[in-house]
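Student: Just passing along the structure, written as structure tokens.
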């Protein structure tokens, strides 16, 4: 592909932010139509439908809006959305190096949206040369808009730079994962298969949580364990510095493209969730967008003894020492 | 005590709401002073202190503000706060039937506040005759104020009645816990003791999460598992209807007093976390504020075959069938 100029990128970024705001407002409108302060007769009709149907309709309507807006403005760009993808017959990885590509989840945190828990958002990623360079995440019930564009910083509500604490950005805790907030998700794969993904996840969660010295030395005694039900917002809060570590398997590129763009621009590190054979010495690979296996570390400043990047890599290895490999297949990635 | 008149209760409620707003603004001011958009020199000074020290200072300052405001306005009322309590030598249960009592956590979600994750709040409960009749919860980084007073409804931001979906309020799912969002917390008790509280909690979480038919028939296949790190906000979101079930052991009355007031006024049910010997037939006891063991069910409307209360009780029993008893001692409760 031809390199995108700085001016073009600025324009695409402004377009993406506006698109995110409008799409988020659509989500909030659909949520609000179910509130008890809406006209009673209107709501009575709505709620006769299964809440899940309302959600599916909203999901599809918002994706159609985003897709058509992009096609009208940038007819040469490729579009990959969660909804259109799900209806296809395969889950092949479709992002190439060739065309600038939009990778969109119209509604991340679908279960939250169904239950009206505020942790839902629209997630818009823009990819050049296979890398997410723009990310826009809008959680309208929280009034939180996260956005980033390569070289232009990462922002909360367009005014607060990310990470929030930045003069200086705190170093990773010396005894990490102790002192860290650990974000993880139970996900949908709950098969009770011996040594299946659910049990591997839970074993990993417990290792990270248990007292130091426990779990045959694997106890990480993290400061807190959090599960929000939105991969996108997990990444956004990691970019903010609120979560130190996010570890997850099973989600898809539309769940993470925008979040990875925001996190990387904020100074975070993203690599693979699955530990290599030699976690203490293996090279730390850059994340592959379609890998379905993600480990994210928050932005970090230097300490007296190591650079920010060294601190992040130390934490990656400490996580790898405590977690199990997960088994998520991915055609074409 | 003498019965509090309706007018008096209205006055106390208005006072509590205003107090919550001012205390929440203090919390947000302290959070904001750590943001990178604050004066750089000022922040550099602040961050030289351990973040934990800043949090402790804020916690104490907010509690002192709330306590002195209450003492000035209602000198005859009793005050129990998390900070003053923690400094005492015992954790005896101090709430009596005799005097109207304020039960306050100046900062719930302390770990979240330390890391600037938005799920923190001030929690103000007002208790008459041993029962929480007013609750005010303000999460300033989320702009969410939850409030309730017995007989006056429960509210989000003073304008949206809780639960949010209410025309009609949805019945509990017929296959619950399937279809339910399950909220739980890992807490601070992470000892790796065989059959200790951490392992009992995790076993219970996995039973609730696993596929139906899994876990020797205990699999609950809940719709989602969430952990926010704030007991108060867990209860607030259960009152909102966003969480269907909250199950927790180990927290204290100042963590739950306001949340229980909001949840009960919204129509929710709160009982004990620990299953009785006969979970299918045992009476469902009212929650004891100081029990440290809580199971909360969201407000529920009737279905074709059962009342809202019957649906809630069915879900209580389904949870009890899947969870382990936890071991949390409580002097004087």
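Yeah, the Cβs are placed from backbone N, Cα and C, and that goes for glycine too.
Heads up, TrEMBL stuff is auto-annotated, nobody curated it.
Checked TrEMBL, it gives:
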BINDING   A:82, A:105, A:107, A:108, A:255  Mg(2+) binding site
TRANSMEM  A:116-142  transmembrane segment
Student: Counting every protein chain present, what is the number of Cβ atoms, excluding its own, within 10 Å of the Cβ of residue A:255 (Mg(2+) binding site)?
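Tutor: I get 25 for this one.
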Student: Within 10 angstroms of the C-beta of residue A:107 (Mg(2+) binding site), what count of other C-beta atoms is obtained when all protein chains are considered?
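Tutor: Residue A:107 (Mg(2+) binding site) is surrounded by 29 other Cβ atoms within 10 Å.
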Student: Compute the centroid of the Cβ atoms of A:82, A:105, A:107, A:108, A:255, then list the same-chain residues not in that set whose Cβ lies within 8 Å of it, in sequence order, for the Mg(2+) site.
Tutor: A:104, A:106, A:109, A:110, A:122, A:123, A:232, A:254
Student: Report, as a single number, how many Cβ atoms besides its own are within 10 Å of the Cβ of residue A:108 (Mg(2+) binding site).
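Tutor: If we count other Cβ atoms within 10 Å of residue A:108 (Mg(2+) binding site), we arrive at 30.
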Student: Among the binding-site residues A:82, A:105, point out the residue whose Cβ has the most other Cβ atoms within 10 Å, with all shown protein chains included in the count.
Tutor: A:105
